[in-house]
Every structure is written in structure tokens, then in C-alpha cells.
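Asker: Once you've had a glance at the structure underneath, I'll fire off some questions.
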Amino acid sequence: MTIRKRLTLLFTSIIALLLLAFALVIYFSLAQNREEEYYNLLHHTAITKANLLLDAKVQPSVLQLIYRNAENSLFQEEVAIYDPSFHLLYHDAVDIDKVKETRKMIDEIVSKKQIRFYQGSLQVVGFLYHHHQKDYIITAAANDESGYSKLINLKYTLIISFFVAIIFVYMAGQFFASKALKPVSDLVDEVEEITATNLDLRIKEGNGKDEIAELAITFNAMLNRLEKSFDAQKEFVSNISHELRTPLTAMLTELQVTLEKERDNQFYKDSITHAVSDAQKLVKLSNSLLDMAKANYDHTEISFKEVRLDELLLDARNDVLHNQRDFKINLTFEQEIEDDDLISVMGNEYLLKVAFMNLIENGCKFSSDHECSVSIRYLPQNIILSFKNKGAGISQEELPKIFKAFYRGENQKVSFGNGIGLSLTKKIIELHHGTINVDSVLGQGATFSVEMPHICSV
């Protein structure tokens, strides 16, 4: 069911309930008013007939004649008058006696002064009437045919009016629902024009104040993110294709040359060595890409736990030294550790270790003496890690670019790299709500500073 139809049905249902409640209130109010007025009319007519009998001394036979002549009229009231001893003083039609008064009824009227009830379709009123120092019990009964006829006509009028009104309300609901959803329809038309090939298009944001405008603004923001993601993906695919092609081409060329003719053992050995080197580059590139994929996960899908950075740095140092025995790594603590929480963070141990190993390896690779100095200190809110080397340094023009994926600076000639390490490291640090900065002067090395919130500040 469309929103338009749901809105129309909801609008129609609400109005229908209100109209129904209004009609019921009118009907039952008029029905109650009719009942009350008819009881009062019975009471008044009965007193008039009693006064004719008691004051004007009109003969009972005359009053009975009047009653019989009124049988075909709309108002046919049957009146009976008793004394407190249940002696019948007057009755309009004893032979008919619609009410059939009993001693118990007379006693109840004397006790309560007045009673009202229905007997079939008849409305009956009985009351105690005080006249010239004497008490009389009077009952009166009649059928309000005219009143009931008016109520029936009112009921049919209300029913017909209700259904006619519902038809008009439904049509009005469709019209207003269409008008209300017109901006949404326009929005859908604009969105359908946007495809993967024209993500630069944006939808109109209108006046920027209503809910539709808010939706358009949110959607445009999502398009901005998608466009950036698509552009990054295209760039990534382009770069990774180039990165994979280079070692694969070198490996293939080396092997093809080797197979062209018979070679000596040394040539075969050198060829295999070159192929292994290229294969190792591919393995390292693959591992880096896997780590980058993990760092790009939604943080809700990554397990976090309490991690001591001093222990993690020692593990990273040992792993780097195990792979590169000629590296030299100095680890220093600038302050005494008073509380373990001051050097602990909530994070993913594997990803943080990857980031620290990248920084240590970079520091050693691009240092003239393959040495990297790592220091750790803490502040009231954060932990600061510094990775310093004495290499050639990084130019000011290159500093803004070094954290981009697959970017390799001028010093790539010093050491081979795939350009993923620093980009991956930055993503991991940001995933842990930290920041990474670099300071460098050409010829004086570089210092990478990582700042992360420790547990005490969380």
C-alpha cells in the first residue's frame, strides 16, 4: 500500500470517527431530550385532567368520552387517579387499562413521590399529587409516536449524511495527500536520474526549512560520501592494478628470459632469487591490503579491549627486529608509570600492532643508520607516542601527501615500499579516536607523533 493511500485512509478514518462520534452525540442527546420532554408532557396533561375532574367537577364520563374521541390522534394519554388507599377515582379506559396499576406500584409512588418507566412502547409516569389538603396518586401512559418518528427520520438523515460526508472526505484526503507528497514524488524523480556514472548530480533542497528539505540535505550529504567513496575506489583499483602489474611483469619477464635457452647454474640461481624477491613484494602488498580492509571496517564490527601500549610497543619492536636484524630500535619511557591505565587504551591489539610496526619500519628504513627512536609519555587525557629517525627527511611539499594510499615520496629510492603503510596507519589511529602528525626538516630526519586517549579519560 502506498503512503498516499495510507495517508488518505488514515485521514478518512479519523474524520469518520469524529463524524460518527458527532452523529451519536446528536442522536442520543435528542433521544434523551425527547424522553424527558414527553415525560413532562405526560405529567402536565395528567394534572390538567385531574384539575378538570377535581376543580371543574367535570363528569368522568365526559373525560372518558374525550379520551375515546382522541384515540386516533397522535397524543393518546391514558390517565388513572387513585387515593392513597388504592381506591380508583377515575380511569380513562378501565376496560383497556394499559398500565394495570397494582397496590405495590401505588405504595412505591407514595414512597418516592414520582416514578418513571417504560411498559413496552409506552412511557409511564406515576406521581403523588397534593390538591386541597388531599393526596392523590396519578398515573399517565402514552406512546410518543410522533417523537419516535422524528428520531427515525433523524437516524436515517445522519446515516445518509455520514456516508456522503465520508465520500467527500476520502476525495479530499486523496487531494491533500497528493499535494503533501508532491515534493516526495519530485524528489524520487530527481533521485532516479542519479546513477553510478553521474554521482556529481545533486537534488534540489527547496527552502531548507521543512522535513522534505532536511531529507534532501541528508541525501545530498550521502551522495557526497558515495562520490568520494567511488572516486577513492576507482583510484584504489587503478593504483593496485599498477602495483600488482610491476612485480608480476618483472617476475614473468625474468622467467621468460630464463627459459629462452640453456643457462648456467648461477644464472638460474639469480633468476630464482629475483622471482622470490618479486613474490615477497606481492605477499607484503597483499598483507597490507588485507590490513587496510580490516581498518576500513565499521568500528562496531571490530573487537576492542584494554591494551597496554608499552607491552604492545615491545611486541612490535621484537617482530620488526625478527624480520630485519640490521635494524636498531630504541624504546624509552619519558615518565615513570604510576598507573597502568595511563598507558592503556581501548583498542584492537592486532591493528594497533600493525600501525606501530609500520611506523617503526618506516623510521628504520629511511634512516641512514637504520635506527628509530620510540618514546612514550602520558598527559592527563592522552598518551603520546613519538617515532623519530635521522634520515633524509621529508620536504614541506610532500608532507600533506604522505598519508595518501600508494603515494611514495622522493626518498623511495632509499628503500622500496608500496605506499600503503602510512595510509593504513592513519586509518588505524583514527579508528581508535587518535591523531597522527609528522614534523620533518630536510636532512634532519622526521618525527611521527601519535596521540590517543587513555582509559582514564574514556
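Note: Cβ is positioned from N, Cα and C throughout, glycine not excepted.
Heads up, TrEMBL stuff is auto-annotated, nobody curated it.
According to TrEMBL, the record shows the following:
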- 178-231: domain 'HAMP' (DOMAIN)
- 239-456: domain 'Histidine kinase' (DOMAIN)
- 156-177: transmembrane segment (TRANSMEM)
Asker: Over the span of the domain 'HAMP' (178-231), how high is the average pLDDT in this prediction?
Answerer: 82
Asker: In terms of Cβ proximity under 8 Å, which residues at least six beyond the ends of the transmembrane segment (156-177) contact it?
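Answerer: Non-local partners: 3-5, 7-9, 11-12, 15-16, 19-20, 23, 26-27.
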Asker: Quick one: DSSP breakdown of the domain 'HAMP' (178-231) into helix, strand and coil?
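Answerer: Secondary-structure breakdown of the domain 'HAMP' (178-231): 36 helix, 0 strand, 18 coil.
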